[in-house]
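Visitor: Annotation source TrEMBL lists domain 'Pentraxin (PTX)' at 31-242. The domain 'GAIN-B' annotation in TrEMBL covers 344-517. The feature domain 'G-protein coupled receptors family 2 profile 2' is assigned by TrEMBL to 526-770. Sequence annotations record features per position, and here TrEMBL assigns transmembrane segment to 529-552, 564-582, 594-612, 633-653, 673-698, 719-740, 746-769. Annotated compositional bias 'Polar residues' per TrEMBL: 804-827, in sequence order. Feature annotation from TrEMBL assigns region 'Disordered' to 804-834.
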Amino acid sequence: GFKVLASASHYWPLEDVDGIHEFRDTNGDRSSVLKSIPTPSILQYWKILIALVFSLTSRFLSSGVTFSFFWKTQDQQAKFLPASGGQVISSGFKICSNEAEGSVEFYTRGNAMMKWKASFSPPGPYWTHILFTWKSREGLKVYVNGTLNTTDPDGKVFYDYGDPSANLLTGTEVDQTKRYVNGAFDEFIIWERALTPNEIEQYFTAAIGVQVLLSSTLPWSVMTTTTKPVLSTNAYRPIITNLTEERGNFRSPDSMLAYLENVSFSLPNKSLSESTALSLTEAFLKAVEDFMLLPNWSDVPETSYVFGSLIQTIDSLMAHMTCNLDENSLPLTVEGTSSVADYTLIKMHPQMLNLSHYRFPSRGQSYISIPSEAFHEKAWITIVGLLYHNMHYFFHNINPMDTKIAEAAAYKGYMISAASYLISVKVEPLPKLSRSLSGSPLITIQLTHRLTPRQYSQALNKSNRVHLYCAFLDYSNGTGVWSNEGCVRESGDLNYSVCLCNHLTNFAILMQVVPLKLTREHQVALSSITYIGCALSIFCLTITLVTFAILSSVSTIRNQRYHIHANLSFAVLVAQILLLTSFQFSPGTVPCKILAILLHFFFLSAFAWMLVEGFHLYSMVIKVFGSEESKHLYYYGIGWGCPLVICVISTSASLDSYGESGNCWLSLENGAIWAFVAPALFVILVNIGILIAVTRVISRISADNYKVHGDANAFKLTAKAVAVLLPILGSSWIFGVLAVNAHALVFQYIFAVFNSLQGFFMFLFHCLLNSEVRAAFKHKTKVWSLTSSSTRNINVKPFNSDIMTGNRPGTTPTKLNTWDKSTNSGNRIDLSAV
């Protein structure tokens, strides 16, 4: 009970206060009485007290607050309020009474003003202990004489906050003009946290002078005494003060870490009380919080090493405090929570354990459990436990070669990240544990995984294999290095892990994601297809461009359609040459990065010209729009301008995503690949829509011709058109979307064949099977033949419309004319584009 009292933040015995007079009641107990004293003589004291309480409740809304006092009235009829907090600008409380009941009201201010109210029977002429606690998650609790009397766990939104007429009231709530207090009270105490029911009972029992056996807050039973603990030395006070004053003075992680390390190293080797240890812990962890909130952590190299040193500094300070806890007050425990970590410091005798194991923390899904047989039987032991809340976010992109995890180092280049809270328990003297992981006793560690969206997405990707390691920070070489020696992951899934270890330190679950690799046979087969197909494509595309250049003087080859074909062929040709070249460079090199940027641009250009192919086909077959000149500018803007803009934006935003992981291409890890995938998917979807629309038109015309002329070959034209358009419009890349894991191996082969042979298909359909190109080539060959024989007097037949439509001179044109003038078509439809 006295230990609970010693942990209070503020304590007023109400002595030497003007207007408050000492007397002894019938039991000889000294008390302080307010008996019908006019308000002005005590009002200043109340203002100080209430203002301080309001300030405290505003600061400690996260950890709660406790307010305690003894109260009695001087006669049965006089039941007035001892204090009432009125209208204030922060959180506060109001304690009221009348002849019927007493009540406690607690207010908080924030986005929504809340009020909790709990009523109780008011005190009579006998001393009554009134204590209330408030915590955001538990609400308001009122204890009378050490026993829970009434609660308000939920509260309600309240807009009429406080009393609008005054900042402070003392006197009856009904009659504000009298402003007096009629009653006696004693021992005003404030704790800057919500006391537990056990602590409240301990304090009340000690305050009234009764010795009983009470259950400690530890998982063992302790006999409490009324012996006053030895007051702690003031040697730690300057350190606590300095930690508070230096907050916000640091801008560099290096300088602040050096300051924290200096604080840890300069602690005096003197005993300290429980309250001093709690104050020092809170002050130090607040400084650690400031350290973690420093800006630009992404610019700090080797972040994991920096935070490894920070954790070592925290361990050193906590261990020093625990070893120096006042031995005259043992057993002792200091526990609490902050934004950085939940913590506990314990100094005790192991015989006080009455459970089969010690667990930290005592609640929750993440914990460390130590069997009781691991503790020494005779020596005093110290236990330091820490469960960090956000520290794991700073341990990411750890190079497996910088760890002592052999399994992770086998996957060179695949980074490791923390996937759970960091938890630490240290015991001195060291517990007796089995050297073998198959023996006993061993430490059991259960940690719930805290995956980022990126980690979760990677883990669910069936093309990846997830490796989870039970690891700890090994400081044997001076710096914190992640290791898994002496630990094994016994069980778990993607949500949690259970580990067995034969030592204690800082633990976490580390996650490494490794893409599934194909077998050697499949790798060789796909590689061979790619090399042979790309080489054939490069050869065919070269012939295609040479053919278009030679025939450019022929009027039918000089139109927009062949300009589009030529640009598409050029983009694909350069992209495939760059692709074969990129196989010769290692990721992370400057040439690889340059090739990745060029590949991004030319593959985007290939897709952009596929989109232009679709637009041009739509304008020829479905709906004519714009002049030839205006469409020419639009097409070049789409084909070369849009890819350039996308590449400039992408390289400016994430240059590090090019040519760094696995190959000379965009990174698949940080979302940069969407700078290619998103435009490619857009082109594919638009062209599929155009393909469907064009196919419907061709099918309708084919059906009409079959009805009129009985020409079954018209249906063959539809099938041929679909076969021609599918590879040209980029539809084959759908197989690239399906080829995402080893379970879709067949799609990987289809994708490799279609895209490595894309140039071959373009040569096949744009040159070899194109009647216009063949006719123009025959015409050009005849011209060359006549020119070479120097026969100038021969009349060469002009390259007329019959040749342009692919019909031989003197023959009847096909029944499916290029320009459809049937009644089923409102517009003239140019099918020569198909």
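Backbone N, Cα and C define each Cβ position, glycine as well.
Remember, it's a predicted structure, so these values are computed and weren't measured experimentally.
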Visitor: Residue list, the transmembrane segment (529-552) vs rest of chain: Cβ under 8 Å, 6 or more residues beyond ends.
Guide: 558, 562, 565-566, 569-570, 572-573, 576-577, 579-580, 749, 752-753, 755-760, 762-764, 766-767, 773, 776-777, 780
Visitor: Against the transmembrane segment (673-698), which of these stretches has the most C-beta pairs under 8 Å: 564-582, 594-612, 633-653, 746-769?
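Guide: It is 594-612 that shares the most Cβ pairs under 8 Å with the transmembrane segment (673-698).
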Visitor: Under an 8 Å Cβ to Cβ limit, what residues of the same chain, 6 or more beyond the ends of the transmembrane segment (564-582), are close to it?
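Guide: Contacts with the transmembrane segment (564-582): 531, 534-535, 537-538, 541-542, 544-545, 548, 592, 595-596, 598-599, 602-603, 605-606, 608-610, 612-613, 616, 635-636, 639-640, 663-665, 728, 756, 758-759, 762, 766.
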Visitor: Restricting attention to the domain 'GAIN-B' (344-517), give the mean pLDDT.
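Guide: So the average pLDDT across the domain 'GAIN-B' (344-517) works out to 88.
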